[in-house]
Amino acid sequence: MNLACVVHQSGSETLKPTDKCSSYPAVRLYSLEDEPTNLDEMPLMMSEEGFENDESDYHTLPRARVNQRRRGLCWFLIGGWKILCGSCCDCLTRTCRRRKELKARTVWLGHPEKCEEKYPNNGFKNQKYNFFTFVPGVLYQQFKFFLNLYFLVVACSQFLPALKIGYLYTYWAPLGFVLAVTMVREAVDEVRRYQRDKEMNSQLYSKLTVRGKVQVTSSDIQVGDLIIVEKNQRIPADMIFLRTSEKAGSCFIRTDQLDGETDWKLKVAVVCTQRLPALGDLFSINAYVYAQKPQLDIHSFEGNFTREDSDPQIHESLNIENTLWASTVVASGTVIGVVIYTGKETRSVLNTSSPKNKVGLLDLELNRLTKALFLAQVVLAVVMVALQGFVGPWFRNLFRFIVLFSYIIPISLRVNLDMGKSAYGWMIMKDENIPGTVVRTSTIPEELGRLVYLLTDKTGTLTQNEMIFKRLHLGTVSYGTDTMDEIQSHILQSYAQVSDPPPPSRRGSPRVRKSVSSRIHEAVKAIALCHNVTPVYESRGVNGETESAAAEADQDFSDDNRTYQASSPDEVALVQWTESVGLTLVNRDLTSLQLKTPAGQILTYYILQIFPFTSESKRMGIIIREETSGEITFYMKGADVAMASIVQYNDWLEEECGNMAREGLRTLVVAKKSLSEEQYTDFENRYNQAKLSIHDRAMKVSAVVESLERELELLCLTGVEDQLQADVRPTLELLRNAGIKIWMLTGDKLETATCIAKSSHLVSRSQDIHVFRPVSNRGEAHLELNAFRRKHDCALVISGDSLEVCLRYYEHEFVELACQCPAVVCCRCSPTQKAQIVHLLKQHTDNRTCAIGDGGNDVSMIQAADCGIGIEGKEGKQASLAADFSITQFKHIGRLLMVHGRNSYKRSAALGQFVMHRGMIISTMQAVFSSIFYFASVPLYQGFLMVGYSTIYTMFPVFSLVLDQDVKPEMALLYPELYKDLTKGRSLSFKTFLIWVLISIYQGGILMYGALLLFESEFVHVVAISFTALILTELLMVALNIRTWHWLMVLAEFLSLGCYVASLAFLNEYFGIGRVSFGAFLDLAFITTPAFLWKVTAMTVISCLPLYIIKYLKRKFSPPSYSKLSS
């Protein structure tokens, strides 16, 4: 039955029912008319999302709706009750776990007793447990894992006489050791957290009361308290900034512990309280703050300040600039604030969440193998009982066999792996070739050796994030680095004409030059005024005085000790450039800023309004009034996509933006608009009214500002270069040769991203690039994907908007096509889209992903990836703190992956399989022993032998595998192709595991049958002979698997052998040197006789020599890649 009918006809593009399919009334189908290209060239699956029946999309009726109608009553009877029960359970859970609802609040200054309700205590508590919950909590966290719970059940079974196999400590000692190590580690961490919490909660602050200042601890601070915070002191709670010792009414705070950004933030005091004559007057006024409910967003705040005892009442809107968030540090002056949020309602605590524990692929693979061993253990026990004929209490015997074979799953596996991971982390941080590298997640170092996709940010990751001004374009003329002296001469001439009378017009002087000079003057002045940069002087801390006298300016505003603080390195680069051409920003406060001309004259401009940059608007603006002329000017700068629609018509902006982007420059469009006094007054009234709104304030304020952003005069286009980091090109080449596919995700424009991709050799010069055309609906996406699939071995460049459309309709198809590309560049990406791409790669491929970035916008991508790497960059430490691994330069990722990642994976794979082999071989011996002696469920080794076997006798040599390496680090970096083999997981697979199983069965059988054949009618010798041969075999097997010897490995071998020999004198009851379980006695001299020695030696050689021969032949005739390089 043909259920898909698509008819191509001429006419309008509408969807109609097809006549051909009218015979199938159950399904209503549609045809597409007037399709320019055959869409069936590529049968793309249609996503369920976004299926609406309109004329703008190319799709059929949703399959989900058809299927839902088909199910009908049958569907409800079968599955509807599940939804009903699930809803009831969810409702019951929400009722039981109902949290206190967060509400907006009114806070009276200095009167905590007037609070409407009880707010949380301000004490910080990062502890997981208390005195009573520590032991139960730690035990729960341990026994929720299958391995530990399994061994707990086995150990508890020994309390039952019918299931008891040997001594209790045989099973409880290993489990107790694991739990003790875990508890000690947790206790140490808990004590450290308690000490840190106690230190923070005990910090003293000055609290302003009616009686004056009193000392109060941080934990005792309440909502409504007036708290004084000194310079370099941590802010204890979320507060509204009321007063400061700085005369400018503003201060700087450091927020690196809150958002990771290293630049200082300028905060503004409430005007009403800042103007009060004295500090104590805060208690003489009747005022309150209305604050919105506690929220996660640290970059926004809405509130109002109201003073009721004035006539008329004073209402002042509050925003993010009036807030002092907890965990930030005062960088200048002394501040006084009223507490509005405390404890768990502060922004810092609300944004502190335990990140999702990442589980490495190797751990998942080992977990699967462990479950397979458990299944094998149960099958082996069933076989033993079946061979008994299910006689007698066979069910009890079944459980006894399960307990006997419990060592097939080694309890020390997790301990050994955890210790190995800690060792890998220590090696990484001690590597002198990658200084400053920090391992923040010690549980996934092996992930560094399994990566297939590397998703990287551009700015600050591949580039240095050090902006250098390169280009100024005025529309008709462009100035580069080699012609900046012309701009400097124009500026010098312009400001010379301000003080001197204009010279008489000379004949032949072109008017074009005067026009260009005037435009340069306007452009440079706009760049020098439109920003959020503040000059900071080392001798004065942060500038506070705003004197305009030239003499004082020369004294205080010296160029030697001036630096610039801003939230964006682009703005600093622009202000530094205006300084280089003669127009210097020397001072700034809340109400004004001052520029110094080439002649040394100080020009003052009053700041009327500032519209900060946001990621949504992609622009910032400022309204200033010139002191001398009183002219009001609205300056604005921003991205070309945001500015193109609000500037006057021009025919050059789009073209020049593309040209600069192709040169790898970051562009900003600068414009202005002159305002009359009446225009500004009208705007100010509407703007202030919108800021006082309680509901939808942001939307109302944005609407008022947009009314001003019309028909702006385009002044110039700037180009700033962000240079590549050191050794980016060879590092990317190294990663590409290692089989890692690199995707660059950036918020920059398409042309800039493409240029950086080429200059960094992310895309080779000879490689074709497919630029995905902008698409807005399903049909366009379908056609573009058809065009893209015809190209082979070409890099893909796509914008965030087009990516969103493709993922909405053709998620699977797009990911499948993109994964075939050697490189992918996604431009104009939001932080959410970056994380979404990571999730898509994890969902649609079985490969491991790694994300690397340096900014706060990369945190979501880093946390979503299987392995996150952060770079401590100029945008702050937020990405570094949120990452699993932190590096200082991008080039370090090569050694981190090729050397440490590769070694960590191969070492852990060898260690895990060897530990499992250690358990399988002794279980094989037990199985042979039981089968020979009439399937008796009697243990072969008891007591300390079993405990010592997995600890002092073999633990150190086995753990020494974490020091092994197949090739030298220099060789691993020289031949990155070695890394490609790891992505296939051949070091730890069911094939390698099966080989170890066969080795264990072979060696266990040889040792047990050999001991039984050689015990010479005295059974008491079998334990001594077989166990000694077992220890020697394990030590030899470690030696056979080591590829590069280390002196610690040799020491571990001889130390373990020495411990075993020394213990023989103390274990006479186990080896028959005294009374044994069979009632026989033996002379101590037996273990020193030649017969004992040759029997043990023979069994050991027979168990190991064939394996060595096979390994030698394989290495000779089919050597692995690393051995070829070693030879």
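Even glycines carry a Cβ here, placed using N, Cα and C.
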Any idea which of 810-830, 915-935 is down as transmembrane segment in TrEMBL?
-> 915-935
Stretch carrying transmembrane segment according to TrEMBL (options 398-417, 698-717) = 398-417
Given 915-935, 941-963, 1019-1040, 1047-1071, the one sharing the most C-beta pairs under 8 Å with the transmembrane segment (993-1013) is 915-935
At the Cα level, what's the spacing in Å between Arg666 (ATP binding site) and Asp858 (Mg(2+) binding site), rounded?
-> 19
Max Cα distance spanning Asp457, Lys458, Thr459, Glu571, Phe613, Lys637, Arg666, Thr746, Gly747, Asp748, Arg828, Lys834, Asn857, Asp858 (ATP binders), Å?
-> 26
Could you tell me which of these binding-site residues, Thr459, Asn857, has the fewest other Cβ atoms within 10 Å of its Cβ?
-> Asn857
Helix, strand and coil residues within the domain 'P-type ATPase N-terminal' (113-172) as assigned by DSSP = 28 helix, 0 strand, 32 coil
Spacing of the two Cα atoms, Thr459 (ATP binding site) and Asp858 (Mg(2+) binding site), in whole angstrom, works out to 11
Using DSSP, how many residues in the domain 'P-type ATPase A' (213-347) fall into helix, strand and coil?
-> 19 helix, 53 strand, 63 coil
Per residue, counting other C-beta atoms within 10 angstroms of the C-beta, which of the binding-site residues Arg666, Arg828 reaches the highest number?
-> Arg666
Expressed to the nearest Å, what is the distance separating Asp858 (Mg(2+) binding site) and Phe613 (ATP binding site) at their Cα atoms?
-> 19
When you put Asp854 (Mg(2+) binding site) at the centre and draw a 10 Å sphere around its Cα, which of the binding-site residues Asp457, Phe613, Gly747, Arg828 have their Cα inside it?
-> Asp457
